Each structure stands twice: as structure tokens, then as C-alpha cells.
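Before any comments, here is the structure.
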Amino acid sequence: MSHSLAVLISGSGSNLQALIDAIEHQGLPARIDLVLSNRADAGGLARAKSAGLATAVIDHRDHDSRESFDQAMVDRLAPLAPDTVVLAGFMRILTPVFVRAFSDRLLNIHPSLLPKYPGLHTHRRALDAGDSQHGCSIHFVTEELDGGPLIAQAPVPVLPNDHEETLSKRVQQAEHRLYPDVVRWRAERRLFLTANGVQLDDRLLPPTGLVVPDLAAGDTARAG
Ligand code: GRF
């Protein structure tokens, strides 16, 4: 039976699209059982529908606490028993109500090289700091915001004339390659969160997770 995913989104869903494409065209052995959004106007819902996926909207504004919103999401997802819950641009802070329900199978992608720049406006912060390198990180989610154990990071260069838009585009390109790879490790039952840390195959990963070669530079950098 293929690996079951639930994908949570709030926005355009380009990372969701990368997963859909990897399943449809690159043999990612997983299926997306539900795309759940907290916003009815999330662009990703249209992407899900055109791929024939089930969708649901649970609007956080219909709930008077974060816990009640999280419980509603747990109630919707738990019967599906997803093998992995993928946060893909899901822009709500999760409480222990949600995190504990899916602990050890909850992934998030974040647009910075964590632990640098948790939270919002990461591209602006990297530019303001004069960083020469930026990137994205994928981690298991714990109760600490953007603080869970790292699985993989993809550095991208900051170029001299970069502004927020150009830099975020380059980071997103890296995200779209890295997230399907990490989800594939899960689907192939190679990636786990253990009491000792993140395990990929038979090794424990370092605190940075796996740092992959410069994705923005393309396959030649990988081959070299
Ligand atoms: C991504 O940059 C991701 O890192 C962040 O939100 C953005 C989502 O983009 N958490 P999309 O909705 O997948 O296009």
C-alpha cells in the first residue's frame, strides 16, 4: 500500500504542486489523501482539485481558540491515519493539540537555513543581514515554532542585486526539489524521528540535517 499523505496549505500551493508532480511523473510512491486549507481562497485548493485530490477547508476564524481549531483539524485528519502530514506553506501556529496527534510524522518546510530566521520575513532578514547564503530547511515539527529536528537543508546563494522577490524565487525553486526528495525518504520508509534524533537509513543525521548541494545551481553542481 502506498504511503498516505495529508498536505496542509494556506496559500498558492507551489510546494503541493511539486509533490503532485513528483507522484504523477517521478514515481514518488505516495498518495495525497487530503489537502486541507485554513483559507477557502488558497490557490493550492485549485491545484488539488485539478489533480483530482480531496480537499477540505477548516477556517481558523470559525474557532475562538487555536486549540479548538487544531482539534477540528485533528478530527478531520485522524480517521485518514496519514503516514505523513506535510505542512506546505501552512501559515498558522500549531498548538500541542495538533503536534502531539501527529508527532514523529509531521513535516514542515521553512524558507531559511534554520536555526537562522525562524518566523516570518526570512528573505528580508537574510538580505538585511548581508548574508551571502540563504536557503530552505525541512524539519520534523515539535512544539517549538520552526525549532524541530532538522532533516535537510538546501543552501542557495544570495546574489549582489537580489531583492526579496528574486531571492524568494530562488529559495522556492530549491524547496520544490527538496520537499519531494524528503517525502520520498518517508514513503520509502527510510526516514524516522527517533528518541536519538533524525534517522535516515542506518545513520543519525547531524543537527543541520542533510545539507544538500546547491540546488539552485542545478544538476551540474550535484554531479561535480
Ligand atoms: C514556502 O516558501 C514555504 O517555505 C513557506 O511558505 C511558502 C509556501 O509557498 N512555509 P507555497 O504555498 O507552497 O507556494
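Including glycine, each Cβ sits where the backbone N, Cα and C put it.
Note that TrEMBL annotation is computational and uncurated.
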Co-listed (6R)-10-formyltetrahydrofolate-binding residue [TrEMBL; alongside M91, R92, I93, L94, N108] among R31, R47, R61, R66: R66
- line: Least Cβ-packed of the binding-site residues G13, R92, N108 (other Cβ atoms within 10 Å) is R92
Field: Close recorded positions near I93 ((6R)-10-formyltetrahydrofolate binding site), where close means Cα within 10 Å, chosen from G13, S14, N15, H110
entry: none
- prompt: By a simple count of other Cβ atoms within 10 Å, which of S14, N15, the binding-site residues in the record, is least packed?
  reply: S14
